[in-house]
């Protein structure tokens, strides 16, 4: 990657606080959250791989979502833990580039993957007779591969444009990781072209999947309303309720940070919201998809026995 025209060789992460006691408390909290994230997502992946009853398109996507969340959380949390217990808050220029690239790529990939999962629910509920043929293993694999490909292509573009900026306003990043707006805040010079690319990336990776998800649920709701029995409606809605909760939490936090006017940005508030979708959300996803899921519970009991 072409280096920006400046002498910055490393960045210093401000993190959440400089109070040693609070840093220790945060270390324990983040360590607990990360441990639970690894165990929960890894367990869900093992269950889906081992139990033949879970070899369906829906669980194929859930397993890939767990894998993505496991990877996504590992991009941030180890560095957060290190900065909580170490006086050295620095991250090298190359390390910042790598963290930015993978965090953006995985975030964009998750947006596409959630849209693919919405399409899967649409086919299952609206067109059940052709569902097995339409959502074959080849189609599911293609949708997952396309999600990663689209996410990392866009990540390459925004990463190259971001780190080509001239960081002439210092190297202090007022955040706990190398995020977009704290980095842009350090840059100087004309950024009109960069803002245009940023908005295009936002539209292609967040707005477009959001529209696809809303369109899928519009058809899903129309189909559910045509079901005569109340029990049938509840059963149909229950198959997509977990995905709907997941989409609401993830897209809500993403859109809150990256689609607001620049005049309303608050780094302190954004740190809290960023913590949710980077650290907490990967822990919640396996719980959302398994706590009320009878098949997953039975697979877990079988594995334990």
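Cβ atoms are placed via backbone N, Cα and C, with glycine included.
Worth saying up front: this structure is predicted, and the values here are computed from it rather than measured.
Here TrEMBL flags 40-289 as domain 'G-protein coupled receptors family 1 profile'. Feature annotation from TrEMBL assigns transmembrane segment to 20-47, 59-78, 90-115, 136-157, 199-225, 237-259, 271-291.
Of the two recorded stretches, the transmembrane segment (59-78) lies close to the transmembrane segment (136-157), with three or more CB pairs under 8 Å once pairs fewer than 6 apart in sequence are set aside. Only residues 6 or more beyond the boundaries of the transmembrane segment (237-259), in the same chain, are considered here, and those with a CB under 8 A from a CB of the stretch are 58, 65, 107, 110-111, 114, 117-118, 121, 124-125, 180-181, 202, 206, 210, 213, 217, 220, 224, 270, 273-274, 276-277, 281, 284-285, 288-289, 292-293. In the predicted model, residues of the domain 'G-protein coupled receptors family 1 profile' (40-289) average a pLDDT of 85.
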